[in-house]
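Marked as region 'Disordered' by TrEMBL: 1-51. Look at TrEMBL and you will find 20-31 tagged as compositional bias 'Basic and acidic residues'. Taken from TrEMBL, the feature domain 'Nrap protein' applies to 183-320, 324-462, 469-627, 642-846, 848-990, 999-1133.
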Amino acid sequence: MEIKRLPIEQPVNKLKMKATAKEQMEQSESSHDEEDEGPTRAKRGKPEVVHNGLLRPVKLSRGDLYKPPTADELNQLKEAESLFHCSLLKMQMEELLKEVSLSERRKQLIDSFVQSVTEQLQTVPQTSDMELSDLSWLSGGVKVPFVLVPKAAKGKFHMAPPISVTIIGSYPLGTCTKPGISVDLAVAIPADVLHPKDALNQRYPRKRAIYLAGLAQHLAASPAIGAMRYSCLHGNRLRPILLLSPPGKDSSSFILRLHACPPPGFFKPSRFHPQRNNIRTDWYTGLGSSHEPPTPHYNSSVLGDMLPRAHLQFLTTVSSQCAAFAEGVALLKVWLRQRELDQGVGCFSGFLGSMLLAYLLSCHRVSNTMTAYQLLRNSLHFLAFNDLTENGITLAKGPDSTPSLAEFHTAFQVVFVDPSGHLNMCADMTACTYKQVQHEASLSLQFWDDPTVDGFHALLMTPKPMIRTSDHVFQLCELVKLQCCCKKLNLLSELMDHSGNYVLTALPFILSLLQRGLGQRVRLLTHSLTPDPEWPVESDAPKHNAQPPLSFGLLLNPEQTASVLERGPPADSPKAEEFRQLWGSRSELRRFQDGDITEAVVWEGETTCQKRLVPRQLITHLLQLHADIPESCVRYIGGMLDDVIKVGREVCSTGEEESLKVVQSYDDLSRKLWTLEGLPLSITSVQGAHPALRYTQVFPPVPLKLDYSFFDREKLSRSLVPHEVKPCPVYITPIQVICHMEGSGKWPHDRVAIRHIKAAFHISLGELLTQHHHYTCQPSPTHLDVWKDGLVFRIQVAYHREPQVLRESVSPEGLLIVRDNAEAQALEMATMQRPLLTSTLHGLQQLHPCFGAVCRLAKRWLGAQLFSDDITEDTADLLVASLFLQPAPFTPPGSPQVGFLRFLHLLSSFDWRNNPLVVNLNSQLTAADYTEIKNDFIASRESLPVMFMATPSDKKVSIWTSRGLSLCAQMLQRVVMVAAESLKILEPHHSHVVMRPPLDPYDVLIHLSPKQVPLLSQAVDPPHATFSRGILAGRVANTGGALPVIDFNPVTHYLAELRDAFGDLALFFYDPYGGTVIAVLWKPKAFTPLPFKTSQMVARRVEVSGEEAHTVPNVEAILEDFRVMGQGLVKSVEPRTDRWVV
């Protein structure tokens, strides 16, 4: 039988784009493509010479070499200059289109399989008439893909061969894309199988499903058919389809989807007007009714089966007039797929994308001569600025007798009418889904023209799953409860319209309820699109609740979301009753300070951590009150992993309040330093240089009230010192403060003399602070410790020319030599760059309230996975800052959890080898700076750190990553791998497992005594047994008191000694936040035998082979040294002898 090509555009499965699209293509296909394409020809000049099957270069004449560019080449150059940031973006788009388009070999496979299936369909046997409810003729275990509720249905049915088999959808139109290739076949049911009144009471959908079951039974015996499964078109249970796979090795190459359709013109379209009823109440419920409600969704389902051929004819006509139509649709499909908008119930499918482009072309909003790039841009512009929930659009030319747009708007939330004027192609789409499409289009346009953003990657290559896009996510887990919801909301008419699918019936009403309740707290409310179900042909159709939980995403408005007060209208306002009805018993009258008496709802929440979760209280209350959905069915994911950075046990806090207290105390100290009198030189600046002062310290210092009886007293200064037999006292964090003194000719030009002057300043500052403010101070040559408000501030005096003095030296000949050195760099980092970074990130925290919490989660993960020594605190803070400063294609994180997930994604997916990470602090870098940074990076790549980060003050060196990873690319590779695995665990399961490091790869584990680990309470899994650390509960005095030992952590000192003694043999890893295990990894070359030398016998033993003596590490002695060096701290040393070869 002849195969016709006519269309309905169908979507393809989700495209998982990777950094290089080449990896997605099968090698076999690539080789066949090369054979199909044959040798390419030169654009100008003579063709290549083929000799013995090999291409030979052609020698061109001077005229051919220097021929002026053709008009076509000039147009391409002009287009690249005017439309794209650079020619690279144009080439990226072209390569992407090549990757997603079908190869000739794939098309041949599809055509062959379609021809085979068509021939099989013509041999379907004819059967005699039987009752519609009699399914005894079906054999071989094949089931009907339909939920037969109610069971009773009038009518006769018999099987017969289809009157036509037509290729429809995207394949004949040329818009079918990879991966997940789907080809659609419309199988026309013979007219004598149907009855003109079958549109009533689900008779047609049931006959359609039974006809598909008959086809499945017939095709099951054919060896030309591979696997067979049922599915539903966009999740619509009234439109089941039969999925066929080719046999053999090509079974995963593509899917053939069989759609059973009525013969052309069999039903009158006017019968399916959105205001007409085609499901009778007495048939569906058994109860009579005087008024029959309209069934617009049921009507649109039947209409959808009647019009695919007409749609294909329309799209074919439009696409023939626009050369770039297919490519424009392909780009739009990729854009939709990356945002998870093209699959499931009510999705914005590829068919809708094709129709949208056709609409823009038909109303001359885009030109037929535009490129695919321009078509995509104009499509996104239209979506961003046109709200189809308010003002629908239509492709119908004349009014005729078709429904008006107003009539469509009364029946559907989103309106886009097809060329016939009868079908709303967005019938199943919710307003929230379209608002999400609008939001994504608007966001894409914002960063499209930003030359500092990699627009191609952000637009088309970065997947945006809900868990990484929305700030908060919650799920409705027991979907069967939505039956009670429909009953509570009295949705019988809507339930009939959706043929008993209570999930889709309740969803719009739940969304509307949440939108009212959340109000200004959220910028966007989204929901997951129920995936298309698939099941074997031998199984019954799955029930409506047999699907994944419904997920909802909240894009928070940070200014409103944390408010615990929901202020309503005045008590005497007409809207007061509506407010009380919405909130129920939570609503109460309250008098406010301005004298107003209004309705109000007050939610629980004292700390920032608790206030962030106010939306959870609000959502669970509304769903329980109005939809009978208990709180146990709501799984709210908003404070994921907050527990691991929790501070204090009495009140839940993730450190914001503690950080604020530190900053306030620092501000007070800063003011007092500025007003000090009696110093030889005035203070020019006071700057914080500690993570706590930028809200990013994992566990901010808390004010401490010391128990003096727990400590011993130092004889001279009477300071508190640890007691030998008691547990290690509480760790007291010194908060670094840099105090710059004014420049003066009195400053010496000698490094030693400068240090003496600074020591004198430390003494003077201590005396003045003690004299005027009664602070306990302890000066030292390098700093001054000040005990204030139960906190310790470590003030370091700085002189701005000291780094320059350290770089200068005098040669024996008396010449002044200026040479950079590590000492000068460290001083400059401590006194200039880190204070600048602290003040900049403090400002970022003021703009984005969750910035600090994201940094704390990120650094807690790095510590838990034993990476803290490789990625420093400053580096981690800058990594997180980049997520807020350049969030494309996302919005800046609005919650700690989404920021942490994006941090892991950044670590695991960024191309550290070939690209610099630019952190544009204060938006100081221009597009020219970006280009300069990229060029310098490429030119000097081999000499730069493996993780390169550029900032406005550091464009070429990457000072923040020069330490740690600069010597170990393998460690960066492990960080990337662990981040990727953590992301895989977190996104579906939200588990604390990501905070527990795998210890299997390590060679030796040094177990520490918990009693001597001062930060034990900060561990991810702290032990149940606790130890007294010498602190008391109660109010902390502002001034006075004895000074304890500061910055005392035995584990840190032990680690330093281990690295100093055995750093050439092993790497040492430790979780600085309460870890009780030090993991040891032998270096790859540690056990290489070395020639015997008496000067290199530390931790080594002699092995003699023949006349040669070599030395190898003495592992037993080294392990014993681990124990001896850590006496009192080390509980045990666990060697893993199978992890190395001696």
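Cβ coordinates are placed from backbone N, Cα and C, and glycine is handled just like the others.
Here the domain 'Nrap protein' (324-462) is broken down by DSSP into helix, strand and coil counts: 73 helix, 5 strand, 61 coil. Here the domain 'Nrap protein' (324-462) sits apart from the domain 'Nrap protein' (642-846); fewer than 3 CB pairs are under 8 Å, leaving out pairs fewer than 6 apart in sequence.
Between the domain 'Nrap protein' (999-1133) and the stretches 183-320, 469-627, 642-846, 848-990, Cβ pairs under 8 Å are most numerous for 642-846.
Confidence for the domain 'Nrap protein' (848-990), expressed as mean pLDDT, is 92. Across the domain 'Nrap protein' (848-990), DSSP assigns 87 helix, 6 strand, 50 coil.
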